[in-house]
Amino acid sequence: MTSGFRPGRTVKFMIPWSVPVGLVILWQLLAHFGWISSRILPEPAGVIQSAIRLTESGDLLRYISDSTSRALVGLVIGGSIGLVLGFFNGFFPVAEKLLDTTIQMLRNIPHLALIPVAILWFGIGEESKLFLVALGVFFPLYLNTFHGIRSVDPGLIEMGKVYGLRGWTLFWKVILPGAMPSILVGLRYSLGIMWLTLIVAETISSDTGIGYMAMNAREFMQMDVVVLSILLYALLGKLADVLAKGLESWCLRWRVNR
Amino acid sequence: MGKAVGIHLEIRGLQKRFGERLVIENIDLQVREGEFVAIVGRSGCGKSTLLRLIAGLETPTEGKITQDNIWVQGINPAVRVMFQEPRLLPWQKVSDNVALGMDGKTEDIEERTSQILQQVGLEDYKDEWPAVLSGGQRQRVALARALVSRPRLLLLDEPLGALDALTRIEMQQLIEKLLQKQGTTALLVTHDVEEAVALADRVILLEEGEITLDLPIPLPRPRQRNSTKFVSLAGRILDRIMQTSANESSRQVL
């Protein structure tokens, strides 16, 4: 008989967070007793202090909102192009024949390799960052939407047609929900790429945003602010993932007992 | 709520080729209003293709299919199909699956949906996802979906093939009861001779794309499966199927 360890609700919530929290405590102790130099890693309390300072001045909120809006606008632009093109190529074999080879070739270019091109085309303003984010999120969404459409059970489509579903109704009731699991996988990939691209783009050239905050702080040797921006990226990435997971469990709530 | 009247189906000189392969050779068939015809045959004899041709899911190479003397081409809205698998939409609740493709006022649809779910004995499951149902329950939902719009012609493509023996007999009785009530014309494709004799007014044997036996079943309903007449009819059809295949294999040896 295995009595087993049955954690309660609070404990269940705490388990995944125990490692990061433990690491922060260890880090605080090491820094506090001077085992690691503050020039290598400032103590967490210092990071928190700088966070408070930057919040009070309003800079932190502005940087976060600038970065977030860049990320989201890029996601919407690139994501919707990927979604539409994925649907289009998924439905029309002619379109797939015409476009897929091109898309596969472009996909194999690391989109970050286009940073110099983006800067020459768009300068260091908003456009170049949006371009890079949009380009980065496009491919996972395109590929997974395309795959999702193609993998919808043909038996269900046939059934829909026999039961009088045509055009848009068939799309809304059968094809889109059938492709949804795959599309959501694409979205989660895209969210990861979205932050990655934004961090790189903001670090290279920017005049606002979290990446700018980090690079600016580096010039003034403000290690605590650099660490703060890295932590912010981690938290924002986690937040995006939680939202995507929430969306997934809502959209796919019909997948009971699986 | 008038009784839906079944369609008069007429098939003339029907032929279907898939590339070089001739699947339906030459079929002539008449099905009266409200008649229940079972099509039996060995696998690969073309019986599912015949059903798909009538449903409009395939286009005939030659020949005509008319319904009430009207030539139908493409998918016919008066036809409903019950497939071998339930083919329920997993992302729609049971009641929405049943109401799929129904037109009209919401209250009207709701009323008819719950009525038919009651008839198949699943009224307590109307707000469940199909994933929680058993195989037999799913096929009952599919039956409800097929019948809720009171189709004039129902095509059943081995709908009970995947069910266990007890559930299958239960489903056969349910289908018989509901179809008689609605007066729908029905075509059932099956490889189970006993099922064909239990349900149909007429049994047709399909061999290599041709009708080789057309046998009326003049037994009163509900039918007793152990009655002498039932057993002898089923035996006759089965013998006929086995005999031809025996001839064929001996021909191949010679």
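Each Cβ is built from the backbone N, Cα and C atoms, and glycine gets one as well.
Pulled from TrEMBL, these are the features on record:
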DOMAIN    A:64-244  domain 'ABC transmembrane type-1'
TRANSMEM  A:12-35  transmembrane segment
TRANSMEM  A:71-94  transmembrane segment
TRANSMEM  A:106-124  transmembrane segment
TRANSMEM  A:130-149  transmembrane segment
TRANSMEM  A:170-187  transmembrane segment
TRANSMEM  A:193-213  transmembrane segment
TRANSMEM  A:225-244  transmembrane segment
* Same-chain residues at least 6 beyond the ends of the transmembrane segment (A:225-244) whose Cβ lies under 8 Å from its Cβ atoms -> 41-42, 47, 50-51, 54, 64, 67-68, 184, 187-188, 191-192, 194-195, 199, 210-211, 213-214, 216-218
* By a Cβ-Cβ criterion of under 8 Å, what residues six or more beyond either terminus of the transmembrane segment (A:130-149) are in contact with it? -> 70-71, 73-75, 77-79, 81-83, 85-87, 89-91, 96, 103, 107, 111-112, 114-115, 118, 121-122, 175, 178-183, 185-187, 189-191, 193-194, 196-198, 200-201
* Near the transmembrane segment (A:170-187), which same-chain residues lie under 8 Å Cβ to Cβ, leaving out any that are not at least 6 residues past its ends? -> 79, 82-83, 86, 90, 140-145, 147-149, 151-153, 156-157, 160-161, 244, 247-248, 251-252
